[in-house]
Amino acid sequence: MRPLTEEETKAVFEKLANYIGKNLVHMIDRDEDDAYCFRLHKDRVYYLPLPMLNLATSIARPNLISLGTCMGKFSKTGKFKLGVTSLDWLAKYAKYKVWIKPSGELPFLYGNHVAKAHLGRITEDTPEHQGVVVFNMSDVPLGFGVTARSTLDTRKLEPTGIIVFHQADVGEFLRDEDTMF
Amino acid sequence: MDVTQELADYAAANSTAVLQRANPVITDPGLLAAFDNTPVDAEEYSSNLESHLLALTLTSTQALIASLFTLPTTSSSSGPITSLPAPITLLPREKPLPKPKPLTKWERFAKAKGISHKKKDRDVWDEERQEWVARWGKGGKNKDKEEQWLHEVKAGEEADQDPAKTARGERKARIAKNLKQQAANLAAASSKPIPISSLRDGPSSKLSKPSRSLGEESQETKKAGRDKRKAELERSMLISKTSTASLGRFDEKIQGEPKVKGVKRKFEPVAKTDYSGEKESALNVLKRIESGFGSDKKRSKKGGEGAEGGLNVRKAVRFQGKQDRAAGKSSSGAPGKKGKRK
Amino acid sequence: MGRRAKNKQADPTPLPGTVPDRSANSRRQNKKKRAPSAAAKDEKSKFKAPKGVAAKSGKERLPAHRRGKKVDEVDEDDSDLDEALRPGDFSEDEDEEETVKVKSIKKGKKAASSDDEDIERTGPVKQLEFSDSEDEDDQEGLNDDDEALPVGQHAFDLDEAPSDEDESDLEMDGDDFDIEGGSDDDDMLDDDDEDRDEEDSAFASSGDEDEAMVGEDDDDEKGIEGEDGDIQTNLEDELEETYTLPAVDNGGEGEEFEHGTSLRDVEQRMRWLVGVCMGKDEKTSKGVPGKSRSDHFVQLQHDIATYFGYNTFLVGKLMKLFPADEALAFFESNESPRPVTIRANTLRTRRRDLAQALINRGANLEPIGKWSKVGLQVFESPVPIGATPEYLAGHYMLQAASSFLPVIALAPQPEERVLDMASAPGGKTTYISALLQNTGIVFANDSNKARTKSLTANVHRMGCKNVVVCNYDAREFPKVMGGFDRVLLDAPCSGTGVISKDASVKVNKTERDFQLLAHLQKQLILCAIDSCNPNSATGGYVVYSTCSVTVDENESVVDYALRKRPHVKLVETGLEFGVPGFKSFEGKTFHPSVSLTRRFYPHKHNMDGFFVAKFKIEKRKKPSKAAEVEAEAAEEEQPQLKLDESGMIVEEEKTKFDDAEDRELIQESKRKHLLKTKGIKLNPKSKPAAASTKKGEDEDATTKAQIKMPKGKKVTDSRRPKKA
C-alpha cells in the first residue's frame, strides 16, 4: 500500500473529474474529522478514511485484500480505469445524470448501451462525451457511462439511437464476480 | 548648348585617377593582394567618403594589375598565361593551434621510465628462409604459428588442442586488447566513451579529430563527468540485475549475492502524522487539471486538433493562401500548401 | 402406456383390507408375471414415467450411496430420494420390495442373492431362464388376476425344490431371488402395479412375514420365532405388529446396513421405537420382550441412520442431544430446506421500501419475525431473488436467518472497531457494517484467499465503506492487531446444524473430524479473546457462534475458554428465543454460566441449527498480595510426607525457597505465557521491562518489584531447589 505518485494522482483525478467535475474538491478536501485519502495497493486505487489508514498499516502487504472503497485499477500500461465499485461516490457528487425507465433497466444491467427509447430524464446541458451516472427512476444508481450526444442532439435522435455508452454497471457484480477482485 | 560641363563630368566619371600614395602600394601577386599602408586621410574621409574610397580602391587595384602584368607569361592556346608566384605575406593561422593530445597510458609510462621508441621496420630477417619477411600483413611472420603444417607438442600438454587455432586465438586476443587500450586512451583523452567498433579503421581516425575546444578541461569537470557516467552505469547495472523476468517469472536468486540497494523507487510513506501536505499536493494536481479542464470544455471537439486558442494554424494558412491566390497570385511568401511539411 | 400397459391396467382389485387372502401366492405369481416384462425392459430409467411410480421406485431401493454399485441406477434413484424420504409420503403400495429384498432363507443363498442384487441387471439372458417356468405360472396367474388361490394352497414352482411348509412363502420369494436379476426387475415391476401393491400391502402380514423372514435370517442362532405366528394381520391392527431389533441382534455395529427391510418398514419401526424409547404410551411402549431399552435405542439409531441416510456415528452423537421424539423431529427437519431469507441493507434502503419493491416484482415475502427489523422471508418469487436490480444495487443480501443471530448478539455500536475472524462470504460483516452505519472500522478476515474475493465483492456491493478485508489465518490475530472493541468469531464447524443445506455432512463426519474441529475452535476462541480490548469504553465483547448443534463444538469450547481465560465471563446474548446451552453433558459439567448461551434448532425455530455465546472480557487482575501470602503460608504449613530410602514415611524437612532462583523461574514462565497467549515475543533478558507493556495489565511499580508466586503453582519436585 502506498500513496499515489503525481502522475497517478493526475490520472485518477482526470477520470474522476470527467464524472464529477468540480465536486472532486469535496472528495479531496473534507472536514478534519471526516478526512479521506487515496491509496494504491496492487494496482488498485482505494479511497478510505484516515483513521482506517492508520490501522490498516499493521496488515502486511500479501495479506491485505481490500480497504475502504475501491475506485478502480491501473492497467499494466498505466492507464486508470474506474470501476463500478466507485459508483456510490460518483452518484453522490455527479454533475450530469441520466435516468432510465424500468424497461431499460435490464438491458443496461446486462451491459448494453442506453438507447433513447429507454431514456427517462437527463440533466440539461449535458455536453457530448461527458461522463454521466445512470440512475433508475427511483433514484437508485445503476452504473455510469459516457454520453454519445449532447442533450440537444438527443432530441433529434431516433429512438433506437444510443445516447449513453455503457462504461460500468452494477450487473457486473454478477457477470464478472470471478474477475472483479 | 554648353556641353563642356557634361563632358567634364563624363571625363571625371570615367577617369582613372590614381592617387599618389606616400608609401607605395605593396602588392603580393601570389595572394592577389595589394596593401596600402599610408595613414588614413581624415579630411577626405569626412568630406567626400565615397569618392575617396573609390579612388583608393582604384589606386590599389591598378597597382595590383600592373604587378600582375609584370609577371613572366607563357603563351598557350587561349592566350598568355602566367602562374602566380608564391605569396610573400605571412598570413596568420586560420585555426587555432591544436591542443596537445593527452599522453596515452603507455606514453606516460614510457616517459616516466625513460623508454624511447624504437621504430620497427616492416620487414624482418628470417634466418631460416634467409630472406626478409614481412613482420605483419600478407604472409607476415606473426601468422606463422597458424599457418605451419606441423606442430610439436610438448610432453604433458593436451594433445587434442588445435595449435593453429590457439595461436590464432591468441593473436586475435592481442589485437582486441590493443583496440581496447586505444579506445580507453581515446576515451580518456576526449572524456567520452568511444565504441571500439569505431576504431576498426584505426585509431588515427579518432585521433585526428580535435578533442576539445580551447581551454583544457579542468580536473573537476572531468571528474564530475566521470562520476556521472559511473553512477549511470551502476544504476543501469542494478536495474538489469533485478529485471530478469521472462514471461512473468524472475530468475532464481544466486546464493551469496549481496542484496542490491538503490533499485527501489522512492515513494512517500504510507501513513504519516500530518496529512496536510498530501492534501495540498492533491489540490495542486487538481488545480492543474482544472485549468486544463476549463479550456477543454470550451474547446470544440469537432474542430480537430487545435493549437493555442483553438486555432488550427495549418488550416488558417491554407485558407489564407487560397485567398491570396484568388486575389491575384500575390502570396506573400507564405508557406502555402506544402509549407508546413517537413 | 407402453409395454407394461397390460400390467398397469389390471382389473380393479378389491380395496385393501377387504380380501384377506391371497397372501404370498398372488405376490409370487405377480412377480412371475412381471418378470418377462422385465425382460423387455432394459433399464430402470424407462419406468420413471408415472410420478407415483417413480417415487416408489426410489423409495424402495436403499439410498443410492449405500447401494453403490450400479452407476446408472444411482443417478436415477437419487432424484427420487428426497421425495421418497419425506416422512409419511409413502403410499401404501410398495411393499413388494420387502419380498424382493429378502434374501433366500438359506444362508448360502443369501450371499448369492446379495450379489445378484448388485450385479448389473442384464435383461434378456437371465429372463430367458425362467421363461419356461413363467409360462406355467402365467396360466396359473391368470386365475390370480381375479382371484387368488385360497390360502394355504401355494402355486409351487416346479423348478424349485420344495422346502419347509413354514417357509413356503419364503421359498417362493426365494425363487424370485434365484432368478438372477429378476429380483431387481421385480422391484421396478412392482411399482407398475399399484393395485397389486395395494393388495399386497393390505396384508400387513407381508410386513410380518418380512420381519419373520428377517428374524429368521438374522436370528438363526437365537431362534426367536415368536413373531412367526402372526402371518396375517390387517392394516388396522398395525399396533399389534411386532418388530425385531436386527441391529442389536447382529451385535450392534456389526452389520451397518440391514438388508431386507423396506424403507417404509424402517420408518414404521423407527416411529414405534421412538414411542418405546419415550416410554409414555403404554400401548406402544411394550417393545420387544427380552430386549432392554438401550437395545431399542440402538435399533432406533440404526433405523434413523438407515432411513435418513446418516452414518451411525453421527446419529449416535446427535441422538444424545435430544429426547427421542425431538430427535426424530430434528432429523426430519434436516430433510427439508429452511425458507429463503434476505436481509435489508439499512445503508441503502429500508425494509419496507425493499419489501415494496420486491413485491412489485412479484415476490411473495413477509417479515421474518419480531426479533429482527431487517429480515424478510421470501416464500416464492417469479424472478430469481439473487439477481434482481435491487440485489445488484446492494439493497439486500441473501442470508440465512440464523446468521442474523450472532450479529444481533454482538450489537456493535457506531464508531467501534470490530473484528470478524471468519467472515466470508460477508453476510455478517456487511450486517455489522450496517449496524455501525459506516462509521468505525470493521476488519473482515478470512483464511481462504479464494473466498476473500466474494467477501470483497459483497462488501463493495452493499456499500460498506468502513471495511478492511485481510487474509490471515485467524489464529495469527492478536499478533497482527489487537485492541478491538468487539470480536465476532463464527468458527468453522462440522455443519451439523445446516444438514438441510448440505446433505454430505450426514456421512462424511467422523470422530476425528470433531476432534480436529474442536481443537481448532479452542485455539480460535482464545485468539479472539486475546484480540479484544478489555479497556474498551463501549465494548469488550466477543461473540462465538457455530452452525452446529454438537456439544463438543459449542459448550465445551466455551467452557474451555472460560477456564483458560479467567478474566472472561459469559453474558446474556440478547436473543429472546433459543434454547439455553447445556450445563452438563455426558458426564462433563461446564461452568454454570454456560446456560446463558443459546442454541437454535431447525425443528424448534425453523432456522438452521446454531449456537451463540457472548463473552465479556474484563481486565486482567494480578492476584493480590494478601492472597499470595496466604497461599505461601498454606503451602509451607503442610508437612510434606515423603518416603525416604528405607521406605519409611518420614516427614519432610521444610523446604526453603531460594528467592533468586524462583524469580528467574517466574519470569521465564511469564515470558512463555505471554508468547503463547498473545504472541508477544520478549527477549528473555528484557522481560521485566516488557512485562509492564502487557495490555490490560494494571500493574503498579510496587507490585512489579515484588516477587510473586504465581497462583496455584505448587512447589513440585522440579521446582524445589535441589539440595544435596
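From the backbone N, Cα and C atoms, a Cβ is placed for every residue, glycine too.
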May I ask you to find which of C:Asp473, C:Asp513 TrEMBL records for the S-adenosyl-L-methionine site already listed with C:Ala422, C:Ser423, C:Ala424, C:Pro425, C:Gly426, C:Gly427, C:Lys428, C:Asp446, C:Asp490?
C:Asp473
Take the Cβ of C:Lys428 (S-adenosyl-L-methionine binding site) and count every other Cβ within 10 Å, whichever protein chain it belongs to.
27
Let me make sure I understand the span of the S-adenosyl-L-methionine site: among C:Ala422, C:Ser423, C:Ala424, C:Pro425, C:Gly426, C:Gly427, C:Lys428, C:Asp446, C:Asp473, C:Asp490, what is the greatest distance between any two Cα atoms, in Å?
19
Output, ordered by sequence, the same-chain residues six or more apart from C:Asp473 (S-adenosyl-L-methionine binding site) with a CB under 8 Å from its CB, or 'none'.
C:Ser447
DSSP state at C:Lys428 (S-adenosyl-L-methionine binding site), helix/strand/coil:
helix
Among C:Ala422, C:Ala424, the most crowded of the binding-site residues [Cβ within 10 Å]:
C:Ala424
Can you give me the average pLDDT across the domain 'SAM-dependent MTase RsmB/NOP-type' (C:330-618), rounded to a whole number?
95
Counts by DSSP class (helix H/G/I, strand E/B, coil) across the compositional bias 'Basic and acidic residues' (C:654-669):
11 helix, 0 strand, 5 coil
